[in-house]
Amino acid sequence: MAVAVLARPRSSSVAMQPTALGSAKPTTTDPGAGVVEGPGFLDEPLDDSLGSFSRRSGESKGVVSSEGSTKRVLERNQSSRDSSGTAGVVKKRRKGSKATLEGGDQAIPKLDRFFPKSTPGTTMSHASSRAPEVDLDEAHLESFQCVNRSTFRVSPSSEVEELLQLRTLIEELKKEALEREAERSRLQERAGTLEMERNNAVKNLHDAQQKAQDISQEVSRLNAHREAFRNEIVKLVRSQGTMERDLLQRKAMELSSRLGYIKIQRTGTSFHEAWEDGAELVEMERRLRSIQELRDQTERLRKELLRYQKLSKCTGPADNLESTSIQPPAPRTVEQIASLVDQDEIYRLRLLNLKREESLVSEEIDKIESERILLAREIRRQRDEKSSRFSDFPLLHDRYVLTKLVGKGGFSEVFKAFDVRQGSWVACKIHQLNTFWTEERKSNYIRHAEREYLIHKSLEHSRVVRLLDVFEIDSNSFCTVLEFCEGEDLDQYLKRHKTLSEREARSILSQVVDGLIYLNEQKYRIIHYDLKPGNLLLTNGEVKITDFGLSKVVETDSTNDGVELTSHGAGTYWYLPPECFDRSESPTKISSKVDVWSVGVILFQMLYGRKPFGNDMSQEIIYRERIIGSAALEFPVKPVVSSEVKELIRLCLTPEQASRPDIRDLAKHRYFQKR
């Protein structure tokens, strides 16, 4: 912004003395000193400044040398600065008020910078056409605080305009100062608020840190308690498992004295297991043989009595009796004839009693035989449990305490275990890789187990055992955690009861079909492929399907499409349909109708106590002689079952896969509606 310092364009010489604010202070000559100092025109309001300026200009009549006036002004300013000391404060009056401007000597520029030196004899008079132009450097412009880097110009014709500009500039500066002061106040207030917020934040942070520390200590304390509690639970579970194991061993020993035990027999150079009957079973069999012998003897006596009666009635010649070994009896009296009739009745009653007793003994033997089968299974279980490397109640995955071996397969063991985190019983299925296997076989087994896990993990249904967890034990073994079901599987149940009523069989089969329908309602339908009584868990009448190790996934939405069979020879042959034994070179496709065939076999076995095909045959013979599909379906005479059951079994056991119903059609059969 350009600021002009006005030179006095009158007859008297005027020297412009700069002040701290950049205004010029006019001085006039006096008769004695040659220079008279007057008040600054910027020290008063604009109108008064102009009036006083004019009056002072009119009073001065003489002409003063610019060089002499300048020197005198400089000397006076210098003496004024020296007398004021180093405080560096210049005071100005405006309408009686005082304004203090700080800045010291730096606020008052030297006037010789603003007015050029004139040679002796030169004057500044009213006749001068223009005032000299003076350039202000940056230091002096900053000392004035109201000028920019522009030309300092003295122009008598624009003094009013310049004064107005100066006042406007001053007002703007005042306004800006007020705004900045207000902004400073706001910033101070904001700074105070932020400082308060910071203090609160620091306090809250300190409180939070203290609270976090307290929580951490509490968590550590709770973790210590939890660890101690968990260790105590582990001890209790192991103690309970030890007592239960000892109890089962004592019970097995007691039953062995009654029912028998397993012994090892040598046949040539090979050894095999054989069952040695116990005392009770031997005694029952002896009783049965005694009853049978007595019955045979009674029947023989009765037959002889009947022959004797028949011969006594003969009236023919004597030569007709020569060929018989029994001589014709003498004529009988009425008493003798009555005695023969009584004897015959005695024999009849005796035979009836013997048959009834034989039936009771046979039933008792069957019961003992069932107990013997269960005992043999328990003895094998205890033997496998003892030989297992997990028999000492280990804590797996820092969570599961193994207690009792409940089953063993080809390459897996199933233990009853306690989950110390959830406080519930689970079943841990441990898969073990044989260290002598090749890497290829290990890879195939792991892939097989992964497929089972992937299939089973997404299933959640009341008729399907849930998969809860999977974890690695070591480089050669891993574990899948399953829902534990109390009770027994259907295979054990059938060994104890032999046959089931049609009503009970319907209840079990209905639940199995419900589970299979759920498997077929998945995005990709699931074929169980190994459905059998051993994979149906029975708990108080509730049935759950388990073991998805051989399951297949049909990755298509079409119900008519199947999946190519790649695992020939896998599964349980008695429960597989004919298409699983196809030996043609073309790939064999299977569908969920495989499980429909298995349902028919299971129903037949529940009702008749035997399998419909290859009942007493080994899997090797079944495969070699192609029993499945070639043997005719025959229903035993007893027990008597309804026609609906037979019809359903025939549908399920249809040899042609295309003619066999699927699981949805099977569920609509009238057999399941009859409840």
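Note: Cβ is positioned from N, Cα and C throughout, glycine not excepted.
Keep in mind that TrEMBL annotations are predicted by a computer and have not been checked by a curator.
TrEMBL lists 1-131 with the feature region 'Disordered'. Taken from TrEMBL, the feature compositional bias 'Basic and acidic residues' applies to 69-79. Per TrEMBL, the feature coiled coil maps to 163-232, 281-311, 351-385. Residues or ranges marked as domain 'Protein kinase' by TrEMBL: 400-672. Here TrEMBL flags K429 as ATP binding site.
Secondary structure at K429 (ATP binding site), as computed by DSSP, is strand.
Long-range neighbours of the coiled coil (281-311) within the same chain, counting only residues 6 or more positions beyond its ends whose Cβ lies under 8 Å from a Cβ of the stretch, are 258-260, 324, 326, 328-329, 340, 343-344, 347-348, 350-351, 354-355, 357-358, 361-362, 364-365, 368-369, 372. Regional average pLDDT for the domain 'Protein kinase' (400-672) in the model is 89. Neighbour density for the residue listed as 'ATP binding site': within 10 A of its CB lie 23 other CB atoms from the protein chains shown.
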